[in-house]
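J.: Feature table excerpt (TrEMBL):
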COMPBIAS  149-162  compositional bias 'Polar residues'
DOMAIN    21-119  domain 'MADF'
DOMAIN    206-245  domain 'BESS'
REGION    120-142  region 'Disordered'
REGION    149-168  region 'Disordered'
Amino acid sequence: MDLSKKKIYSEYLMNPQFLKEFIDMYRSFPCLWNMKISDYSNKQKRLKAYESMVNLCRSVCPSANIQFVKHKIANLRTVFKKEFNKVQVSKKTATSADDVYVPRLWYFDLLKFTIGQDVPKEGSSNSGESQECRQEDEPVDESMEILEDSTNVSQVTSNSQSEDVDYDPQEDVPFIRKRKKGKMYNDDDLSNELLSQAAAILSKNNDEYDAFGITVASKLRRMEEKQRLVAEVLIMDVLYKGMLNQLSEESYIADYPIHYYSSNAMS
């Protein structure tokens, strides 16, 4: 797959409108997340549910498959759990409501239905089917580090490109980065790495494109949520066509329904 297309697919997959649809569909299939129901161990129902989610993903990434969906779910839940744990820890030491950690993950509330639905650790269940479901819902390997650790829309768009951009179902490239053997990373290591990356970005000389990006961000912040989501989809469509050299002085934006862009931008 062409690198420019991978980048565009990544940005569409992290678009707030698409992620909301993805999470809502995931919630509509309890067999994929509710361990307390019998359907959670029903292979046929789970497969059918995954196939429905694959069809949704293919509206923005034609090469998506079931493995793609499983990785996406695992990464979203991992990031959510990190934020949820921060809330729980802060409650233990908080002296007032103001001291409780406020999640910065924009889709935090959308995933609250997964609270208490963490899969059991290996050895805690004798059920072969439950164990198989556990392996599906978790990231591939505990020694791997989930990269999709963004806390707001702008971070999701920029930071997660290293996860989704490199995905190719034919190569089965995971959305994760292996840690070096023998080296364990803690929160301080991660914080230092992020600070170093931020310093490198800030040290760059800004040009007119950076200035334009700041202007666009300022305008988006002043919009209502629905207007902002529509604007983001339209902007992404223009950027995609520009990267494929399909823009001209005659190009214009027509008043098509927003789902038109989601389903046709990749064609």
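Glycine residues also receive a Cβ, built from the backbone N, Cα and C atoms like all the rest.
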J.: For the domain 'BESS' (206-245), what are the DSSP-based totals of helix, strand and coil residues?
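T.: Summed over the domain 'BESS' (206-245), the classes give 33 helix, 0 strand, 7 coil.
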J.: So how many of the residues in the domain 'MADF' (21-119) end up helix, strand or coil by DSSP?
T.: 67 helix, 0 strand, 32 coil
